[in-house]
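See below for the structure under consideration.
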């Protein structure tokens, strides 16, 4: 859906008439030309600076392999940005717009009640065939309900550069290939409804991801983590 230069007053209409219906019907959607060239360039330049100054580190695997870095499974380099850091004004503006879109979706997201989100994960696939194998963002109820990815790749040609995000919507007879083109914003459900992969990239590929949390599921996940931590500490003390 091409949007040109978004005005804040348009966000509620976009959320209610496009994002909500698409999420319920197919599980994902994307908006093109989200920020416009000028602001999008500001975000891109800041991300490039983070990359060039060595701020990015190898992405880690979650689940049973939590904390493990295996480059053949996940080849990106990442850092986390809150938006209040010096020089991150454009990123902060981007995050505020995404926040407003999700806020306007509100109760129409079904069972979810969104109160918070993660920091922004800035990611770079450095080329050389790096990608991310098929996975689910939230397979075990950690609270994440919506994944939002903003792409930053100018003149991207998927036939030459690869790097497609391929989504395998649960229960659907199709797959969805999303090219990571500059100024594109993607939304999809974070749970098992949307297994996905990043296909091998043969050029530097930048993206920024935020996850929105369902309040109840997130609280329960934190409670389970605290209980597990206490049990582990107790077992270590007994030993």
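Cβ atoms are placed via backbone N, Cα and C, with glycine included.
Under the heading Fe cation binding site, Swiss-Prot lists 135, 137, 196. Swiss-Prot lists 205 with the feature 2-oxoglutarate binding site, giving sequence analysis as the kind of evidence. The domain 'Fe2OG dioxygenase' annotation in Swiss-Prot covers 116-214. Summarising the annotation, Swiss-Prot assigns region 'Beta(2)beta(3) 'finger-like' loop' to 62-73 and lists similarity to another entry as the type of evidence. Sequence annotations record features per position, and here Swiss-Prot assigns region 'Required for interaction with ADRB2' to 88-104 based on experimental evidence.
Look at residue 135 (Fe cation binding site): DSSP puts it in a strand.
The Fe cation site is defined by 135, 137, 196, and by the 8 Å test on Cβ atoms against their centroid, the other residues of the chain that qualify are 132, 134, 136, 147, 190, 194, 195, 197. Taking each of the binding-site residues 135, 137, 205 in turn and counting other Cβ atoms within 10 Å of its Cβ gives the largest count for 205. Within 10 Å of the C-beta atom of residue 196 (Fe cation binding site) sit 21 other C-beta atoms, taking all shown protein chains into account.
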